[in-house]
Structure formats: structure tokens, C-alpha cells
4 protein chains.
Amino acid sequence: MTDTTTETDTLVVAGRTYRSRLLVGTGKYRDLEQTRLAIEASGAEIVTIAVRRTNMGQTPGEPNILDVLPPERYTILPNTAGCYDVDTTVRTCRLARELLDGHNLVKLEVLGDERTLFPDVVATIQAAEILVADGFDVMVYTNDDPIVAKRLEEIGCIAVMPLAAPIGSGLGIRNPLNIRTIVENAQVPILVDAGVGTASDAAVAMELGCDGILMNTAIAAARDPILMAGAMRKAIEAGREAYRAGRMPAKRFASASSPIEGLFF
Amino acid sequence: MTDTTTETDTLVVAGRTYRSRLLVGTGKYRDLEQTRLAIEASGAEIVTIAVRRTNMGQTPGEPNILDVLPPERYTILPNTAGCYDVDTTVRTCRLARELLDGHNLVKLEVLGDERTLFPDVVATIQAAEILVADGFDVMVYTNDDPIVAKRLEEIGCIAVMPLAAPIGSGLGIRNPLNIRTIVENAQVPILVDAGVGTASDAAVAMELGCDGILMNTAIAAARDPILMAGAMRKAIEAGREAYRAGRMPAKRFASASSPIEGLFF
Amino acid sequence: MTDTTTETDTLVVAGRTYRSRLLVGTGKYRDLEQTRLAIEASGAEIVTIAVRRTNMGQTPGEPNILDVLPPERYTILPNTAGCYDVDTTVRTCRLARELLDGHNLVKLEVLGDERTLFPDVVATIQAAEILVADGFDVMVYTNDDPIVAKRLEEIGCIAVMPLAAPIGSGLGIRNPLNIRTIVENAQVPILVDAGVGTASDAAVAMELGCDGILMNTAIAAARDPILMAGAMRKAIEAGREAYRAGRMPAKRFASASSPIEGLFF
Amino acid sequence: MTDTTTETDTLVVAGRTYRSRLLVGTGKYRDLEQTRLAIEASGAEIVTIAVRRTNMGQTPGEPNILDVLPPERYTILPNTAGCYDVDTTVRTCRLARELLDGHNLVKLEVLGDERTLFPDVVATIQAAEILVADGFDVMVYTNDDPIVAKRLEEIGCIAVMPLAAPIGSGLGIRNPLNIRTIVENAQVPILVDAGVGTASDAAVAMELGCDGILMNTAIAAARDPILMAGAMRKAIEAGREAYRAGRMPAKRFASASSPIEGLFF
């Protein structure tokens with residue numbers, strides 16, 4: 001029997017417990033104030049920062065994102081957006097660890113090309129092996145291939161983050177069956193990373209059994225980012241609760257005695 | 001410009017203002033206590049009752065649904081579920097008005113057959129004309145045909161309620177473009193009635209611009225109806241806020257300068 | 001056991017037997033020569049002509065479509081495109097019958113508005129009753145509502161022609177379950193009329209069990225209408241044969257012992 | 001400008017020219033005679049054989065598939081179905097080359113697990129490098145990741161064969177945008193391998209611009225495999241011709257001046 005108390009339905013990442021299953025990025029906002037307000041409205045407790053694009057201390061004297069997102073309040077998740085090879089990626093993670101005083105948590109992404117922003121899964125696997133051996137807690141962006149996802153888990157990544165659709169596309173869950181298969185196979189948290197466009201997309205991902213969602217553009221590029229941040233917060237809770245509540249079976253008609261099958265549309 | 005204050009984003013039906021956009025039915029629950037708890041968790045302020053299947057006073061001495069759903073707290077929306085012709089439908093509405101001391105609000109449905117539970121739109125139009133002339137405030141269940149929906153509005157129905165999918169199917173929004181077209185054409189509230197199966201379906205309907213959703217089986221036939229009721233409440237709020245927030249454009253890749261087009265999948 | 005001989009798998013309309021299940025229109029071509037070549041490549045044996053837009057003898061001295069489409073070779077199917085009310089529609093059918101020397105076959109369409117080109121099903125039903133009583137063989141354009149489709153059959157229409165999507169949209173089969181339900185309920189031929197955009201759309205309609213498809217824009221508005229006409233011919237044969245051959249069950253994985261179910265995407 | 005002459009629209013693989021774009025397997029048929037008849041009806045010129053499951057000479061004295069599929073008539077494409085590691089895969093290709101007297105063409109597949117039959121793309125890349133260096137003409141089964149597909153092309157594979165859906169699932173093209181992206185990026189033929197369930201699926205793959213399709217279960221597991229084989233032949237020709245003919249733009253309504261956009265369903 002599912003526990004109906006939402007209070008105890010928490011996400012655990014790297015030994016820490018979170019009540020929010022929404023992770024957010026910091027790019028594409030109008031200014032730091034809008035960033036701050038949107039993140040607050042989202043209820044996110046983990047915020048990812050693109051180390052190569054954002055000042056988190058590398059450039060003293062410039063505005064520092066950590067002033068807006070104090071590490072006491074938010075778990076900072078440095079990411080390697082913009083890295084296209086293993087060496088740059090690994091170096092970027094080490095830089096982040098220095099800037100954050102030994103903080104081991106990173107989101108690894110090694111991109112395959114500039115057009116699609118799909119991951120290079122071969123390079124991703126190599127970088128994951130190096131980073132895990134070097135003591136990092138690695139959350140890893142990948143495609144929606146169940147075999148690659150399992151391999152990343154076996155290497156020791158603490159969370160696997162398949163794409164729902166290309167980064168920044170807003171196309172929603174392109175291949176729900178793949179995401180579902182990844183979830184079924186996993187012993188670590190599965191978080192959808194990239195592709196969510198609106199609230200229902202987030203609900204779908206959670207209904208598939210994902211443990212959380214990371215998003216940025218869907219909030220930041222909405223006409224009203226702060227209102228959308230709240231919508232996403234509710235959508236993820238709704239999708240999670242619907243997953244836990246166990247949906248009614250789909251069937252062609254109420255009168256039918258069995259679920260829909262045979263026909264396939 | 002959209003008003004970002006959710007407090008003022010209300011649903012107005014027959015001159016009354018509601019904060020909840022979720023309308024629920026009372027069928028298929030284990031018992032009246034589960035009915036009561038689920039409806040409470042849903043946050044619904046309008047509850048629909050099948051006059052021909054539920055005791056709302058017709059059978060003195062039996063348990064009365066109005067004891068669980070006091071009309072001081074809930075707007076009672078009698079419906080004509082189980083009616084297959086104009087006469088029975090009109091008589092059922094008049095009976096409900098008597099039982100509820102002159103309460104004029106009804107949900108009209110005239111079904112076409114027992115297998116699909118699709119409406120008979122010709123009979124529905126005839127019954128709507130009679131009921132409107134007789135002073136009823138008619139909310140009307142219909143198919144997803146934009147021409148029929150407009151006709152029902154022109155007759156004087158105060159809300160038009162197209163199906164998303166067959167009653168009790170849980171198949172979700174089968175034809176979003178039709179629902180969208182109905183919404184674009186309407187001057188009265190459009191509420192999806194029938195077919196929602198899980199939280200994301202509800203969010204999709206609201207993102208299409210619907211004013212609300214009526215559901216029953218999706219909550220009552222979930223493994224945990226009370227948890228699902230709360231999920232639906234959040235999903236509808238999430239979908240509504242996402243609609244008002246203005247979603248990001250969908251495009252194939254972040255790098256693309258224009259929305260997705262040309263390709264059609 | 002399905003008869004595997006395609007030669008005997010024929011379409012019967014108004015007592016005549018056809019080997020082609022593709023019906024085509026004559027609008028939107030560059031000129032009469034392209035019309036002729038495309039129709040020839042399509043293999044169609046029934047060609048529909050918009051009486052109010054095409055000269056089939058009303059205007060002596062002008063080019064006459066029947067010179068290109070001789071009635072000895074093609075079954076001419078006059079249609080009432082552009083009619084928005086019962087009277088005009090009925091008059092248009094009678095005019096066609098005169099021009100074609102007593103030919104009783106018509107395609108009835110009564111449109112609901114100019115934007116969507118959806119049918120007005122109430123007016124369609126009324127016109128069908130008049131035309132059937134007047135001795136016409138009525139093929140009828142309608143929405144994809146199973147109750148309306150059955151009603152039109154009961155009135156005596158010889159074929160029911162639900163839309164797949166709005167006329168001229170090319171969006172394909174928007175609601176396959178509705179089309180499937182119409183097919184299951186029918187004793188007369190069901191032909192998809194409107195909405196097909198490309199070859200796979202036509203195959204899908206046939207795989208749902210439809211008896212044929214009527215199309216115009218999908219051929220005429222292709223970059224190469226003549227090549228597309230041949231593609232449509234093959235797609236309809238392919239879809240029909242796949243329907244008769246009995247497709248493999250869909251399942252998540254080859255290893256699964258049962259069809260896909262429970263999960264619903 | 002597309003050449004509209006189908007006669008010259010050929011598939012070139014490893015320097016040979018084919019008129020058929022349908023490649024078929026030999027598994028799951030009732031007997032060798034049904035295999036022969038279905039392949040004949042399909043019009044296929046390239047037939048793939050699972051070396052580890054089929055006798056193509058390894059077991060003298062047993063029925064030999066090459067008696068049914070004479071190499072003078074068919075291009076034999078040995079495949080490594082059932083291989084889960086690089087060594088076994090490479091050895092299987094070398095065995096096939098010996099059995100076929102130096103024939104260099106192989107279809108490489110290295111599977112990731114027995115449940116999903118997804119490829120192990122890391123092992124696939126390694127095996128491809130070895131086989132290309134050893135002089136094989138490698139056609140390669142892969143997932144639908146555009147970065148992996150391009151990498152396999154760069155290694156020197158002569159054709160890349162992404163899955164549409166899991167092997168033997170019949171689920172059709174799960175992620176058309178990925179397949180489309182792979183096609184856009186490619187300089188070698190892209191053939192969908194696995195997942196097609198019925199004729200319309202095959203047409204969709206071709207309309208996306210694929211150069212061909214390899215299938216087995218969709219034909220062999222149909223109720224009438226021989227009729228389905230013919231359906232697939234026509235569906236692939238239809239889809240190819242529709243692709244070359246340039247489909248009409250999809251739009252919400254005929255009256256709309258621009259293609260569908262903004263709305264995303």
C-alpha cells in the first residue's frame with residue numbers, strides 16, 4: 001500500500017533529503033532579481049549553475065550568483081554545460097569543487113554537437129568513470145537509452161538524468177516508453193533533464209515514475225516566469241501524487257471489462 | 001496582459017464565483033465517507049449528482065447524498081446521466097429542481113447509446129432549447145464538434161462541456177485541436193467533461209484554455225482516490241497557471257530561431 | 001480466414017463495384033491537364049465535383065470538367081461543397097441530377113462555418129432525410145461522432161464519410177478511436193473524407209478498417225501532385241492489405257508474453 | 001529538384017544498386033516455404049540472416065537457408081543477432097565471411113540486454129572499428145541517438161540503422177524527430193531497423209526521409225504473412241514517393257494562411 005503522506009515522500013540525493021522534486025537552472029532570466037523570484041516560486045531546493053557561463057566566484061568583483069542563491073539555503077549543483085570533450089568537462093568539475101570549497105556534487109554533461117545539444121554518451125561514460133574515481137558525486141545528463149542509463153548507474157553515478165527532448169526545445173516527453181524502461185531498471189534516482197516545455201510535460205514525467213525533473217528554459221522563457229515556476233511546482237507534485245495514487249486503467253469505454261489493447265494508436 | 005494574481009483568476013458560473021476549476025461527481029466510491037473525503041481533498045466547490053442514480057431526497061428514509069454534501073457548502077449540480085431521450089431528460093431536470101427547492105442549475109446530458117456513452121447531439125440541442133425556455137441554467141455535455149458547441153451556446157446554455165474522451169475511459173484529451181477550437185470560439189465557460197484519466201490529462205485540458213474540468217472516474221477509480229483527488233486539484237491549478245503564464249515556444253532545438261513547423265509529427 | 005486475393009476485395013457503392021478505394025476531388029490543380037494526369041495516376045474510379053464551383057454543364061461554352069473526366073470512365077460524384085444551409089444543399093443536388101441526366105449519386109455536405117469547414121450535423125441530418133426521400137443515393141460528409149454516423153446510416157445514406165481532420169488541413173487522423181468505433185458500428189461503407197495529408201495518413205485510415213478515402217488537397221497541393229497521386233494509390237492498397245493481413249500485436253518488447261497494456265501513452 | 005522517375009530512385013549499398021528499399025529477415029516463419037513466399041511477395045532484394053540461429057552451411061546435412069534464398073538472386077546480409085559482446089560479434093562476422101566465400105557485407109548488432117534488445121552502443125562502436133579495419137562493409141544497428149549515428153558513419157560504416165522501437169515490439173516510430181535528425185545529418189544510407197508493426201509505420205519512416213527499412217516480425221507474425229509482405233512493399237514505395245512528392249503543409253484549417261505552429265500537441 002502506498003503511503004499517502006506526502007510529507008514522507010522525499011527525494012534523496014547524495015545522502016541529503018529534499019521535499020521538492022523540481023531542480024532548476026539559472027540561465028536566460030532577465031536579471032538576477034527575476035532569477036531569484038522564479039526560483040523561490042518554484043520551491044526548488046537544488047539549483048544548477050553552468051560553471052563556464054556563470055560567475056560563482058571565478059571573476060571577483062562581478063555579480064556572483066551565490067549572492068542570490070546562498071549555499072546555506074540551496075544545494076548548488078555545478079554543471080558542465082558547454083563542454084564538448086572529456087578533459088574540459090573534468091577540469092570544469094574540479095574548478096567548481098575548488099570554488100565551492102570541496103563540494104563534491106556535480107551535474108556532468110558532455111555535449112555531442114552545438115546544434116542538437118545531445119550528449120556524447122561515449123565521452124560521458126569516460127568522464128563519469130574519471131569523476132567517480134576522483135570522489136565526485138555525479139549526477140549525469142544522458143540520452144534516453146536504457147542500456148546507457150544502466151551503465152552510468154553501474155559506474156557509480158548517484159543519479160541518472162535522461163533527456164525528455166532536446167535541451168531548450170520544450171517538446172515534452174518524446175519517448176515515454178524509454179523513460180519508463182529506464183525508471184524500471186534503476187536503483188538510483190532518475191530525473192528528467194531537458195525538454196520539458198509546460199506543466200503537463202512535467203506531470204507526465206512524474207507519472208512515468210521519475211524521481212524529479214530539472215528544467216530551466218520552460219520557466220525562464222515563459223511569458224511570466226514567476227507564474228510558470230509556481231505552475232511547475234504544482235505540476236510536479238500533481239504528477240508525483242498521481243503516480244503514487246495509481247491511476248485508473250485506460251479503456252475504450254466505461255462499459256468495457258478490460259483495459260485498452262489490441263488496437264494501438 | 002494576464003493578471004498574475006491567482007486570487008482573482010476565478011470561474012464564474014450562473015453568476016456565482018468559484019476559486020476551484022475542478023468539478024467532481026459522486027459515483028463509484030466505496031462508500032459515502034470515501035466520497036466525502038475525496039471531494040474535500042479535490043477542493044471542488046461544484047459537485048454533480050446523477051439524479052436517476054443517487055438519492056437526493058426522492059427516497060425518504062435512505063441515506064441522502066446531500067447529508068454528505070450540504071448545499072450550503074457545495075453548489076449542487078444535478079445531472080441527467082442515464083437519460084437517452086428528450087422527454088426523460090427534461091423530466092429529470094424538473095424533478096431535480098423540485099427536490100432542490102427551485103434550484104435552476106442542471107447539467108444536461110442526453111446519451112446516444114449505452115456502449116460509447118457519447119451524447120446524442122440532436123436530442124441534446126432539443127432538450128437544451130426546452131430547458132432554457134423553462135428557466136434552467138443549463139450546463140451541457142456534448143461531443144467535441146465546434147459547430148455543435150457554438151450552437152449550444154447560442155441557444156443560451158451557460159456553459160458548454162465537451163468530452164475529452166468517452167465517459168469512464170480515462171483516455172485523456174483525444175483531440176486537443178477540437179477542444180482548442182471550441183475554446184477560441186466561445187463566449188461562455190468551456191469545461192471538459194469526461195475522459196480525463198490522470199493528472200497530466202487535466203493539466204493538458206487547462207493549458208488548452210478550458211475554464212474547468214468535470215471528472216468522476218479518474219478520482220473514484222484510482223487505487224487511492226483521496227490522494228488522486230489532491231493530485232487533480234494541483235494539476236488543474238498547474239495547467240491553468242501555465243496557460244496564463246504563456247508557455248515557451250516549442251522548437252526542434254534550442255539553437256533554432258523559429259518554432260517547430262514544416263515537419264509534422 | 002481472410003481472402004488473400006486482392007482481386008475480390010472490392011468496394012461496392014450504390015450497387016456498383018470498384019477496385020479502387022481512393023476517391024478524389026478536382027479542386028486546386030494548376031490546370032485541367034494536371035487534374036487529368038493526377039486522377040489517372042491515383043487510379044480513382046469515383047471523382048467528386050463541387051457543383052457550385054465547377055462547370056459541369058451549367059455554363060455552356062466554358063471548359064467542362066466532364067470533357068476531362070468522361071462519365072463512361074469515371075463515376076461522377078457531385079458534391080455540395082460551399083453549401084451552408086439545407087435548402088441550398090438540396091437545390092444543388094437537384095441541379096446536379098438534371099445536369100447528369102438523372103444520375104442519383106451525390107455527396108452531401110452542409111458546412112457549419114467558413115473557418116473550420118466542419119459540417120453542421122443537424123442540417124446535414126435534415127438534408128439527408130429530404131434527399132433520401134427524393135430518391136438520391138446519398139454519401140454524406142460528417143464529423144467523427146459515432147452516434148451521428150449511425151443516425152445518418154439509419155436515415156438511409158449509402159455511405160458515411162467522417163472527417164479525419166478539418167478539410168484542407170492535412171493533419172491526418174486526429175481521433176483514430178472515433179473512426180474505429182464508427183467502422184465497428186456500420187453496415188454501410190465508411191470512407192474518410194477530409195484531413196489526410198500524406199501517404200501514411202491514408203494507410204492509417206485503411207488499417208482502422210475504413211472502406212475507402214476521399215481526398216483532394218493532399219494530392220493537388222503536393223509539390224508534385226502526380227507523384228503523390230501514385231503514392232496515395234499505393235498507400236491505400238498497403239493499408240487495406242495490412243488490415244486484411246492482421247497486424248502483429250504491439251508489445252513493449254519482443255520478450256513480453258502479452259500485448260502492451262496498463263501503461264498508456 | 002527531385003527526379004520524379006521512380007525507375008531511377010534507387011538504393012545504393014556497398015556499391016550495388018537496388019530497386020527495393022525493403023530489407024527482410026528470415027525468422028519466425030512457419031516453415032521455409034512460407035519464408036520463401038513471404039520474401040518473394042515483399043520484393044526484397046537484400047535478406048538478412050542471423051548467423052547464430054540459422055543454418056547457412058555451418059551444419060552440413062541440415063536444411064540450408066541459402067537453398068531457399070539463392071545468393072545469385074538475393075544479397076545475403078549476415079547479422080550478429082544474439083551477440084552481447086564485441087568478441088563474439090566480431091567472430092560471428094568472420095564466420096559468416098568464410099561461409100559466404102569472402103562476402104564482406106554484414107549487419108552488426110551488439111545487444112545490451114535480453115529484455116529490451118536495445119543495442120549496447122559503446123560495444124557497437126568498438127566492434128564497428130574492428131570490422132571496418134578488417135575490410136568489412138558494415139551496416140550497423142543502433143539506437144536513435146543522432147550523435148551515435150554520426151559517430152558510426154565517421155568510423156566508416158556504410159549504412160546506419162537506427163531502431164524505430166524495440167526489436168519485435170511493433171510499436172512504430174517512437175521518436176520521429178530523432179530519426180529525422182539522423183537523416184538530415186547523414187552522408188550514408190539511413191535504414192530503420194526494428195520496431196515497425198504495420199504498413200503505416202513503414203510509410204512514416206520513409207516520409208521522414210529514410211533510405212529503407214529492415215523488418216522481420218511485422219511480416220512473419222502477421223496473421224497472413226504473405227499478404228502483409230505485399231502490403232509492406234507498397235507502403236514503403238508509397239512513403240518514399242510521398243517524401244519525394246513533397247507533402248502539402250499541415251495547417252489547422254484550409255482557410256489558414258500559414259502552417260500550424262504556436263500550438264503544440
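Note that Cβ sites are derived from N, Cα and C of the backbone, with glycine treated the same way.
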From C:G156, C:G168, C:G246, the one annotated by TrEMBL with C:A194, C:G195, C:N216, C:T217 for 1-deoxy-D-xylulose 5-phosphate: C:G168
For the binding-site residues C:G168, C:G195, the one whose C-beta sees the most other C-beta atoms within 10 angstroms: C:G195
Inter-residue Cα distance where the pair is C:K107 (active site, schiff-base intermediate with DXP) and C:N216 (1-deoxy-D-xylulose 5-phosphate binding site), in Å: 14
Binding-site residues compared (C:N216, C:T217) - the one with the fewest other Cβ atoms within 10 Å: C:T217
Nonlocal residues around C:K107 (active site, schiff-base intermediate with DXP), in sequence order (Cβ under 8 Å, 6 or more apart): C:T48, C:L77, C:P78, C:N79, C:T80, C:M139, C:V140, C:Y141, C:M161, C:D193, C:L214
For C:A194 (1-deoxy-D-xylulose 5-phosphate binding site), the number of other Cβ atoms found within 10 Å of its own Cβ: 28
Among C:K107, C:G168, C:A194, C:N216 (the recorded positions), residues with Cβ under 8 Å to chain D, listed in sequence order: C:G168
